[in-house]
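To keep things clear, I will list the structure first and then write my remarks on it.
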Amino acid sequence: MIESQRHSYHLVDPSPWPISGSLGALATTVGGVMYMHSFQGGATLLSLGLIFLLYTMFVWWRDVLRESTFEGHHTKVVQLGPRYGFILFIVSEVMFFFALFRASSHSSLAPTVEIGGIWPPKGIAVLDPWEIPFLNTLIPLSSGAAVTWAHHAILAGKEKRAVYALVATVSLALVFTGFQGMEYYQAPFTISDSIYGSTFFLATGFHGFHVIIGTIFSIICGIRQYLGHLTKEHHVGFEAAAWYWHFVDVVRLFLFVSIYWWGGI
Amino acid sequence: MAEIELKTAPADFRFPTTNQTRHCFTRYVEFHRCVAAKGDEAADCERFAKYYRALCPGEWVDKWNEQRENGTFPGPL
(Lines of atoms letter the chains of each structure in order from A; the text may use other names.)
(Lines give C-alpha, C1' and ligand atoms only; values in the text may rest on other atoms or scores of the structure.)
Protein backbone atom coordinates (compact mmCIF):
# COMPACT_ATOMS: atom_id res chain seq x y z
CA MET A 1 0.00 0.00 0.00
CA ILE A 2 1.24 3.46 -0.89
CA GLU A 3 1.93 5.63 2.21
CA SER A 4 -0.15 8.68 1.19
CA GLN A 5 -3.19 6.45 0.56
CA ARG A 6 -5.73 6.16 3.42
CA HIS A 7 -7.48 3.03 2.16
CA SER A 8 -6.40 -0.38 0.88
CA TYR A 9 -8.24 -0.33 -2.45
CA HIS A 10 -6.53 -0.21 -5.83
CA LEU A 11 -7.70 2.77 -7.90
CA VAL A 12 -6.60 1.76 -11.39
CA ASP A 13 -5.09 4.15 -13.94
CA PRO A 14 -6.77 4.62 -17.31
CA SER A 15 -5.72 1.82 -19.67
CA PRO A 16 -6.03 1.30 -23.44
CA TRP A 17 -6.21 -2.52 -23.17
CA PRO A 18 -9.99 -2.98 -22.68
CA ILE A 19 -10.75 -1.20 -25.96
CA SER A 20 -7.86 -2.83 -27.81
CA GLY A 21 -8.99 -6.25 -26.55
CA SER A 22 -12.55 -5.51 -27.69
CA LEU A 23 -11.39 -4.46 -31.15
CA GLY A 24 -9.22 -7.58 -31.35
CA ALA A 25 -12.19 -9.76 -30.41
CA LEU A 26 -14.38 -7.99 -33.00
CA ALA A 27 -11.79 -8.49 -35.76
CA THR A 28 -11.33 -12.14 -34.72
CA THR A 29 -15.05 -13.02 -34.79
CA VAL A 30 -15.88 -11.06 -37.97
CA GLY A 31 -12.68 -12.33 -39.64
CA GLY A 32 -13.47 -15.87 -38.50
CA VAL A 33 -16.96 -15.78 -40.01
CA MET A 34 -15.60 -14.20 -43.23
CA TYR A 35 -12.85 -16.81 -43.45
CA MET A 36 -15.24 -19.72 -42.92
CA HIS A 37 -17.54 -18.36 -45.64
CA SER A 38 -14.56 -17.86 -48.03
CA PHE A 39 -14.89 -14.06 -48.18
CA GLN A 40 -11.95 -12.13 -49.58
CA GLY A 41 -9.64 -10.85 -46.82
CA GLY A 42 -11.23 -13.13 -44.20
CA ALA A 43 -8.00 -14.93 -43.34
CA THR A 44 -6.12 -11.61 -43.09
CA LEU A 45 -8.68 -10.06 -40.73
CA LEU A 46 -8.77 -13.24 -38.62
CA SER A 47 -4.96 -13.30 -38.32
CA LEU A 48 -4.81 -9.59 -37.51
CA GLY A 49 -7.53 -10.03 -34.86
CA LEU A 50 -5.70 -12.96 -33.22
CA ILE A 51 -2.37 -11.09 -33.22
CA PHE A 52 -4.12 -8.05 -31.70
CA LEU A 53 -5.76 -10.20 -29.02
CA LEU A 54 -2.50 -11.97 -28.12
CA TYR A 55 -0.68 -8.63 -27.97
CA THR A 56 -3.41 -7.19 -25.70
CA MET A 57 -3.23 -10.23 -23.41
CA PHE A 58 0.53 -9.84 -23.13
CA VAL A 59 0.60 -6.11 -22.35
CA TRP A 60 -2.45 -6.22 -20.07
CA TRP A 61 -1.01 -9.02 -17.96
CA ARG A 62 2.37 -7.22 -17.98
CA ASP A 63 0.62 -4.15 -16.51
CA VAL A 64 -1.18 -6.24 -13.88
CA LEU A 65 2.14 -7.82 -12.85
CA ARG A 66 3.74 -4.39 -12.53
CA GLU A 67 0.84 -3.10 -10.41
CA SER A 68 0.62 -6.18 -8.18
CA THR A 69 4.11 -7.61 -7.82
CA PHE A 70 6.25 -4.50 -8.24
CA GLU A 71 4.04 -1.62 -7.05
CA GLY A 72 2.20 -3.54 -4.33
CA HIS A 73 -1.33 -2.41 -5.24
CA HIS A 74 -2.81 -5.88 -4.66
CA THR A 75 -3.53 -5.69 -0.95
CA LYS A 76 -5.40 -8.46 0.89
CA VAL A 77 -8.74 -6.86 0.06
CA VAL A 78 -7.81 -6.32 -3.61
CA GLN A 79 -6.80 -10.01 -3.86
CA LEU A 80 -10.41 -10.98 -3.10
CA GLY A 81 -11.49 -9.66 -6.54
CA PRO A 82 -9.40 -11.98 -8.71
CA ARG A 83 -10.11 -14.85 -6.31
CA TYR A 84 -13.90 -14.56 -6.60
CA GLY A 85 -13.56 -13.86 -10.30
CA PHE A 86 -11.53 -16.99 -10.87
CA ILE A 87 -13.87 -19.13 -8.77
CA LEU A 88 -16.81 -17.91 -10.88
CA PHE A 89 -14.83 -18.66 -14.04
CA ILE A 90 -14.26 -22.24 -12.86
CA VAL A 91 -17.98 -22.55 -12.02
CA SER A 92 -18.78 -21.55 -15.62
CA GLU A 93 -16.28 -24.16 -16.83
CA VAL A 94 -18.06 -26.80 -14.72
CA MET A 95 -21.31 -25.89 -16.49
CA PHE A 96 -19.60 -26.10 -19.89
CA PHE A 97 -18.31 -29.61 -19.19
CA PHE A 98 -21.67 -30.60 -17.69
CA ALA A 99 -23.18 -29.91 -21.12
CA LEU A 100 -20.62 -32.16 -22.83
CA PHE A 101 -21.25 -34.99 -20.33
CA ARG A 102 -24.98 -34.51 -20.74
CA ALA A 103 -24.65 -34.84 -24.54
CA SER A 104 -22.82 -38.11 -24.05
CA SER A 105 -25.28 -39.49 -21.44
CA HIS A 106 -28.30 -38.44 -23.50
CA SER A 107 -26.97 -40.43 -26.45
CA SER A 108 -25.79 -43.48 -24.50
CA LEU A 109 -28.36 -44.05 -21.72
CA ALA A 110 -31.23 -44.60 -24.20
CA PRO A 111 -29.56 -45.14 -27.60
CA THR A 112 -31.92 -44.38 -30.51
CA VAL A 113 -33.17 -47.00 -32.96
CA GLU A 114 -31.01 -45.36 -35.66
CA ILE A 115 -27.94 -46.84 -33.93
CA GLY A 116 -29.79 -50.06 -33.17
CA GLY A 117 -30.67 -49.18 -29.57
CA ILE A 118 -27.25 -50.34 -28.37
CA TRP A 119 -24.15 -48.59 -26.92
CA PRO A 120 -21.46 -48.53 -28.14
CA PRO A 121 -23.06 -48.59 -31.61
CA LYS A 122 -22.44 -51.62 -33.84
CA GLY A 123 -19.06 -51.51 -35.58
CA ILE A 124 -17.44 -49.17 -33.04
CA ALA A 125 -14.38 -50.87 -31.56
CA VAL A 126 -13.94 -49.06 -28.24
CA LEU A 127 -10.66 -48.49 -26.40
CA ASP A 128 -9.81 -50.71 -23.43
CA PRO A 129 -10.26 -48.36 -20.43
CA TRP A 130 -7.61 -50.20 -18.39
CA GLU A 131 -4.81 -49.47 -20.84
CA ILE A 132 -3.83 -45.87 -21.77
CA PRO A 133 -7.08 -44.29 -20.45
CA PHE A 134 -6.48 -45.53 -16.85
CA LEU A 135 -2.79 -44.59 -16.93
CA ASN A 136 -3.77 -41.20 -18.29
CA THR A 137 -6.10 -40.72 -15.31
CA LEU A 138 -3.36 -41.54 -12.78
CA ILE A 139 -0.86 -39.14 -14.42
CA PRO A 140 -2.98 -35.96 -13.97
CA LEU A 141 -3.81 -37.12 -10.42
CA SER A 142 -0.07 -37.33 -9.67
CA SER A 143 0.35 -33.92 -11.29
CA GLY A 144 -2.35 -32.62 -8.93
CA ALA A 145 -0.34 -34.02 -6.00
CA ALA A 146 2.78 -32.27 -7.34
CA VAL A 147 0.99 -28.91 -7.49
CA THR A 148 -0.03 -29.37 -3.83
CA TRP A 149 3.63 -30.06 -3.03
CA ALA A 150 4.47 -26.76 -4.80
CA HIS A 151 1.82 -24.97 -2.71
CA HIS A 152 3.25 -26.28 0.56
CA ALA A 153 6.76 -25.31 -0.59
CA ILE A 154 5.60 -21.75 -1.32
CA LEU A 155 3.83 -21.49 2.07
CA ALA A 156 6.97 -22.77 3.80
CA GLY A 157 9.13 -20.26 1.91
CA LYS A 158 11.14 -23.01 0.18
CA GLU A 159 11.56 -21.17 -3.11
CA LYS A 160 13.79 -23.64 -4.97
CA ARG A 161 11.68 -26.61 -3.93
CA ALA A 162 8.56 -24.87 -5.24
CA VAL A 163 10.21 -24.51 -8.65
CA TYR A 164 11.12 -28.23 -8.65
CA ALA A 165 7.55 -29.15 -7.71
CA LEU A 166 6.17 -27.01 -10.55
CA VAL A 167 8.62 -28.62 -12.98
CA ALA A 168 7.23 -32.01 -11.84
CA THR A 169 3.65 -30.74 -12.29
CA VAL A 170 4.33 -29.51 -15.83
CA SER A 171 6.33 -32.62 -16.80
CA LEU A 172 3.46 -34.92 -15.81
CA ALA A 173 1.07 -32.67 -17.74
CA LEU A 174 3.21 -32.98 -20.86
CA VAL A 175 3.38 -36.77 -20.48
CA PHE A 176 -0.43 -36.78 -20.26
CA THR A 177 -0.75 -34.76 -23.46
CA GLY A 178 1.72 -37.06 -25.21
CA PHE A 179 -0.23 -40.20 -24.23
CA GLN A 180 -3.49 -38.53 -25.22
CA GLY A 181 -2.04 -37.70 -28.63
CA MET A 182 -0.93 -41.33 -29.00
CA GLU A 183 -4.41 -42.55 -28.02
CA TYR A 184 -6.04 -40.27 -30.62
CA TYR A 185 -3.55 -41.39 -33.27
CA GLN A 186 -4.21 -45.07 -32.60
CA ALA A 187 -7.98 -44.86 -31.99
CA PRO A 188 -9.91 -47.23 -34.29
CA PHE A 189 -12.74 -44.64 -34.67
CA THR A 190 -12.84 -40.93 -35.59
CA ILE A 191 -15.01 -37.95 -34.65
CA SER A 192 -17.20 -38.69 -37.70
CA ASP A 193 -17.86 -42.32 -36.71
CA SER A 194 -21.39 -42.18 -35.28
CA ILE A 195 -22.64 -40.33 -32.21
CA TYR A 196 -20.12 -42.37 -30.20
CA GLY A 197 -17.14 -40.80 -31.97
CA SER A 198 -18.75 -37.36 -31.85
CA THR A 199 -19.40 -37.33 -28.09
CA PHE A 200 -16.10 -39.09 -27.30
CA PHE A 201 -13.87 -36.65 -29.16
CA LEU A 202 -15.95 -33.61 -28.17
CA ALA A 203 -15.58 -34.34 -24.44
CA THR A 204 -12.03 -35.72 -24.39
CA GLY A 205 -10.87 -33.11 -26.90
CA PHE A 206 -12.14 -30.16 -24.89
CA HIS A 207 -10.60 -31.72 -21.78
CA GLY A 208 -7.27 -32.05 -23.58
CA PHE A 209 -7.52 -28.40 -24.67
CA HIS A 210 -8.06 -27.40 -21.02
CA VAL A 211 -5.06 -29.50 -19.96
CA ILE A 212 -2.94 -27.49 -22.43
CA ILE A 213 -4.27 -24.20 -20.98
CA GLY A 214 -3.55 -25.47 -17.43
CA THR A 215 -0.05 -26.53 -18.49
CA ILE A 216 0.71 -23.03 -19.84
CA PHE A 217 -0.74 -21.53 -16.62
CA SER A 218 1.54 -23.77 -14.51
CA ILE A 219 4.58 -22.97 -16.69
CA ILE A 220 3.94 -19.24 -16.13
CA CYS A 221 3.69 -19.90 -12.36
CA GLY A 222 6.95 -21.84 -12.47
CA ILE A 223 8.71 -18.97 -14.26
CA ARG A 224 7.28 -16.40 -11.82
CA GLN A 225 8.30 -18.60 -8.87
CA TYR A 226 11.82 -18.84 -10.34
CA LEU A 227 11.93 -15.03 -10.73
CA GLY A 228 10.83 -14.61 -7.11
CA HIS A 229 7.42 -13.06 -7.85
CA LEU A 230 5.53 -15.38 -5.51
CA THR A 231 5.79 -14.91 -1.75
CA LYS A 232 4.47 -16.77 1.27
CA GLU A 233 1.73 -14.19 1.75
CA HIS A 234 0.95 -13.23 -1.84
CA HIS A 235 0.60 -15.84 -4.60
CA VAL A 236 -2.93 -15.45 -6.03
CA GLY A 237 -1.74 -16.37 -9.55
CA PHE A 238 -0.36 -19.66 -8.29
CA GLU A 239 -3.52 -20.45 -6.31
CA ALA A 240 -5.68 -19.82 -9.37
CA ALA A 241 -3.47 -22.15 -11.44
CA ALA A 242 -3.71 -24.83 -8.73
CA TRP A 243 -7.52 -24.56 -8.55
CA TYR A 244 -7.71 -24.75 -12.33
CA TRP A 245 -5.43 -27.78 -12.36
CA HIS A 246 -7.55 -29.61 -9.79
CA PHE A 247 -10.68 -28.78 -11.79
CA VAL A 248 -9.17 -30.28 -14.98
CA ASP A 249 -8.18 -33.31 -12.89
CA VAL A 250 -11.73 -33.87 -11.63
CA VAL A 251 -13.08 -33.59 -15.20
CA ARG A 252 -10.62 -36.32 -16.21
CA LEU A 253 -11.96 -38.61 -13.43
CA PHE A 254 -15.50 -38.16 -14.72
CA LEU A 255 -14.34 -38.73 -18.30
CA PHE A 256 -12.67 -41.97 -17.30
CA VAL A 257 -15.60 -43.33 -15.32
CA SER A 258 -18.47 -42.29 -17.60
CA ILE A 259 -17.06 -42.22 -21.13
CA TYR A 260 -14.09 -44.61 -21.21
CA TRP A 261 -15.24 -47.17 -18.64
CA TRP A 262 -19.05 -47.18 -18.44
CA GLY A 263 -19.51 -45.98 -22.04
CA GLY A 264 -17.21 -48.69 -23.38
CA ILE A 265 -19.02 -51.69 -21.91
CA MET B 1 -69.16 -63.74 -43.77
CA ALA B 2 -66.70 -64.47 -40.97
CA GLU B 3 -66.01 -61.53 -38.68
CA ILE B 4 -62.47 -60.12 -38.96
CA GLU B 5 -60.80 -59.60 -35.58
CA LEU B 6 -58.83 -56.34 -35.45
CA LYS B 7 -56.03 -56.28 -32.87
CA THR B 8 -52.89 -54.19 -32.24
CA ALA B 9 -49.82 -55.21 -30.26
CA PRO B 10 -50.50 -55.68 -26.55
CA ALA B 11 -49.24 -53.12 -24.04
CA ASP B 12 -45.65 -53.95 -23.10
CA PHE B 13 -44.31 -52.84 -19.72
CA ARG B 14 -40.84 -52.36 -21.23
CA PHE B 15 -42.23 -49.43 -23.23
CA PRO B 16 -44.60 -47.60 -20.92
CA THR B 17 -44.16 -44.13 -22.42
CA THR B 18 -46.13 -42.57 -25.27
CA ASN B 19 -43.46 -42.88 -27.97
CA GLN B 20 -43.60 -46.46 -29.26
CA THR B 21 -40.63 -46.19 -31.66
CA ARG B 22 -38.43 -48.40 -29.47
CA HIS B 23 -41.33 -50.85 -28.95
CA CYS B 24 -41.71 -51.26 -32.73
CA PHE B 25 -37.94 -51.64 -33.22
CA THR B 26 -37.62 -54.20 -30.41
CA ARG B 27 -40.47 -56.34 -31.82
CA TYR B 28 -38.81 -56.24 -35.26
CA VAL B 29 -35.53 -57.40 -33.73
CA GLU B 30 -37.31 -60.06 -31.65
CA PHE B 31 -39.01 -61.46 -34.76
CA HIS B 32 -35.74 -61.82 -36.62
CA ARG B 33 -33.94 -63.31 -33.62
CA CYS B 34 -36.79 -65.77 -33.23
CA VAL B 35 -36.59 -66.80 -36.91
CA ALA B 36 -32.82 -67.12 -36.63
CA ALA B 37 -33.19 -69.40 -33.60
CA LYS B 38 -36.19 -71.52 -34.62
CA GLY B 39 -36.22 -71.44 -38.40
CA ASP B 40 -38.46 -69.81 -41.01
CA GLU B 41 -41.42 -72.11 -40.41
CA ALA B 42 -41.68 -71.66 -36.64
CA ALA B 43 -45.21 -70.71 -35.66
CA ASP B 44 -44.02 -69.10 -32.40
CA CYS B 45 -42.39 -66.26 -34.33
CA GLU B 46 -45.54 -65.19 -36.13
CA ARG B 47 -46.83 -63.17 -33.15
CA PHE B 48 -43.69 -60.97 -33.16
CA ALA B 49 -44.28 -60.27 -36.86
CA LYS B 50 -47.87 -59.27 -36.09
CA TYR B 51 -46.72 -56.95 -33.32
CA TYR B 52 -44.08 -55.13 -35.36
CA ARG B 53 -46.36 -54.85 -38.37
CA ALA B 54 -48.99 -53.27 -36.15
CA LEU B 55 -46.50 -50.84 -34.56
CA CYS B 56 -44.01 -49.90 -37.28
CA PRO B 57 -44.54 -47.57 -40.25
CA GLY B 58 -44.08 -49.53 -43.50
CA GLU B 59 -41.18 -47.37 -44.69
CA TRP B 60 -39.18 -48.21 -41.58
CA VAL B 61 -39.66 -51.93 -42.12
CA ASP B 62 -38.63 -51.56 -45.79
CA LYS B 63 -35.52 -49.65 -44.75
CA TRP B 64 -34.57 -52.19 -42.08
CA ASN B 65 -35.14 -55.12 -44.46
CA GLU B 66 -32.84 -53.42 -46.93
CA GLN B 67 -30.23 -52.82 -44.21
CA ARG B 68 -30.36 -56.49 -43.18
CA GLU B 69 -29.78 -57.55 -46.79
CA ASN B 70 -26.79 -55.19 -47.04
CA GLY B 71 -25.46 -56.23 -43.65
CA THR B 72 -25.75 -52.67 -42.28
CA PHE B 73 -28.62 -53.22 -39.83
CA PRO B 74 -27.46 -51.65 -36.55
CA GLY B 75 -29.69 -53.63 -34.16
CA PRO B 76 -28.60 -56.63 -32.03
CA LEU B 77 -29.74 -59.46 -34.32
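Backbone N, Cα and C define each Cβ position, glycine as well.
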(message) Quick test of reading the record: TrEMBL lists a disulfide for B:C34. Which of B:C24, B:C45 is on the other end?
(response) B:C45
(message) Measuring Cα to Cα, how many Å separate B:C45 (disulfide bond) from B:C56 (disulfide bond)?
(response) 17
(request) State the three-class DSSP label for B:C34 (disulfide bond), counting H, G and I as helix, E and B as strand, and everything else as coil. (result) helix
